[in-house]
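Database features (TrEMBL):
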REGION    1-29  region 'Disordered'
DOMAIN    53-448  domain 'Major facilitator superfamily (MFS) profile'
TRANSMEM  56-77  transmembrane segment
TRANSMEM  118-137  transmembrane segment
TRANSMEM  143-163  transmembrane segment
TRANSMEM  175-195  transmembrane segment
TRANSMEM  215-235  transmembrane segment
TRANSMEM  270-287  transmembrane segment
TRANSMEM  299-320  transmembrane segment
TRANSMEM  341-361  transmembrane segment
TRANSMEM  367-393  transmembrane segment
TRANSMEM  400-420  transmembrane segment
TRANSMEM  432-451  transmembrane segment
REGION    495-517  region 'Disordered'
Amino acid sequence: MAAEAGELKPAAMEVEGTEAPSSKPPRFRIPVDSDNKATEFWLFSFARPHMSAFHLSWFSFFCCFLSTFAAPPLLPLIRDTLGLTATDIGNAGIASVSGAVFARVAMGTACDLVGPRLASASIILLTTPAVYCSSIIDSASSYLLVRFFTGFSLASFVSTQFWMSSMFSPPKVGLANGVAGGWGNLGGGAVQLLMPLVYEAIRKIGSTPFTAWRVAFFIPGVLQTCSAIAVLAFGQDMPEGNYRKLHRSGGMHRDSFGNVLRHAVANYRGWVLALTYGYCFGVELAVDNIVAQYFYDRFGVKLSTAGFIAASFGMANIISRPGGGLMSDWLSSRFGMRGRLWGLWVVQTVGGVLCVVLGTVDYSFGASVAVMILFSFFVQAACGLTFGIVPFVSRRSLGLISGMTGGGGNVGAVLTQLIFFHGSKYRTETGIKYMGLMIIACTLPITLIYFPQWGGMFLGPRPGATAEEYYNREWTEEEREKGYNTGSLRFAENSVREGGRSGSQSKHTVHVVESNV
């Protein structure tokens, strides 16, 4: 019997899919789990491939945010030069975030099929010409077009989140996604401060206002170009290597578009997160488009002052979105997936209440600034909490689920701009108030999300349900026999704490079940 047990052990390891580390297992400076995903987050390290991917992803996304929102801080100048109406400005604001709706879905699919490195660099390079063309616009229609095509670059957010989910273990994925997304979104605040300063510097050199704001667009254009080159030169798709190499060596299954699409569209959790993300990140995009002009027109402050105030909204991302991701991981360690869901609902709902308050205190400059800053922390933290949940929805269609959720953010931004800030239907402060009510209403569907193996906000897990069973449903019996689901099984094994503190008791059950297959 001892001999038989000794013979069964290696077989169990093979079925388990831990890839019994072959002759030359990969070695990493950072501690990793059985799936080679980092189990620690070294913020100030560039250790390859995990932390280098982190820094490349957030910085490239940061540059895309700079480009997309480079125009709003200079809008009073652009408006006067081109003779833009309120309708023209509203249409351009909608255009800047609408293009990325489909681009983000496409980006998610591209990440699943060719990897985040090529997908990210491609969209960044393809949209760079539109940034440079911003310097030669001469009409309302050309202004709308450059903002529309530049906005496609925001699809790089999806590759950022996919990349982090591929590099970091489940207990750290919320933090990694939160910091990468938050520091990338930081570009929306930094640009509000940067562009007026660049404009003033060019003016002091001797340029006319007509020329100065046009030349200023070359700064975000050059940064975006350099970030794409860095991603291509120094990035790596997975801890084990790039997709192309892994496909050729047989280390990764080459999936089809149809299978990726089917499993993403059929998972209702992805649609719910897309809706709710539309009213945290979507609201953030809408505010980025209106906040500088709002304070400039409503309180009569200087352009640079309006830019500084607007910058504070986006700059909160340096700690707010990472804080949301960290909170998601902390809640998971204590309460499992149910803690992540409750955290998202509470934080986003509070953000909606603060948005209503912001639209109500428009009579006071000081109160408006204070509430806006507090509002920014909650709405951005909700973004981090959202992507603390996204990586667990699907493994086979992780990229497309990320794209659907990210695209939902842009849909929310488009609808919010169209309904509340387009033309002169509502005063801006009234639109802000109604936007807050929309946030509260569209956060309620989070209560519908339920994972059989972990539970939901109001219901516990289904008896006998396991993470392995949940993720295996995405693979046919034939695919499982060929080992295509190996990565999903490893992820399920490393996601054990999503069941809460009691869920850790099931960790060894995974090995037993798989060993008897």
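Just so it is clear, glycine is given a Cβ too, placed from its N, Cα and C backbone atoms.
Taking Cβ pairs closer than 8 Å, the transmembrane segment (215-235) reaches residues 52-53, 56-57, 59-60, 62-64, 66-67, 70, 74, 116-118, 120-121, 124-125, 127-128, 131-132, 134-135, 153, 191, 194-195, 198-199, 202, 207 in its own chain, all 6 or more past its ends.
In summary, the transmembrane segment (367-393) lies against the transmembrane segment (175-195): three or more C-beta pairs, each 6 or more positions apart in sequence, are under 8 Å. In summary, the transmembrane segment (143-163) lies against the transmembrane segment (400-420): three or more C-beta pairs, each 6 or more positions apart in sequence, are under 8 Å. Note: the stretches the transmembrane segment (341-361) and the transmembrane segment (432-451) are in contact (3+ CB pairs below 8 A, sequence gap of 6 or more). Counting only same-chain residues 6+ beyond the ends of the transmembrane segment (175-195), those with a CB under 8 A from a CB of the stretch are 38, 41, 43, 54, 57-66, 68-70, 72-74, 156-157, 160-161, 163-165, 167-168, 216, 219-220, 284-285, 288, 291-292, 307-308, 310-326, 328-329, 380, 383-384, 387-388, 390-391. Counted over residue pairs 6 or more apart, the CB atoms of the transmembrane segment (118-137) and the transmembrane segment (299-320) come under 8 Å in fewer than three pairs, which marks the two as apart. This prediction places the mean pLDDT of the domain 'Major facilitator superfamily (MFS) profile' (53-448) at 87.
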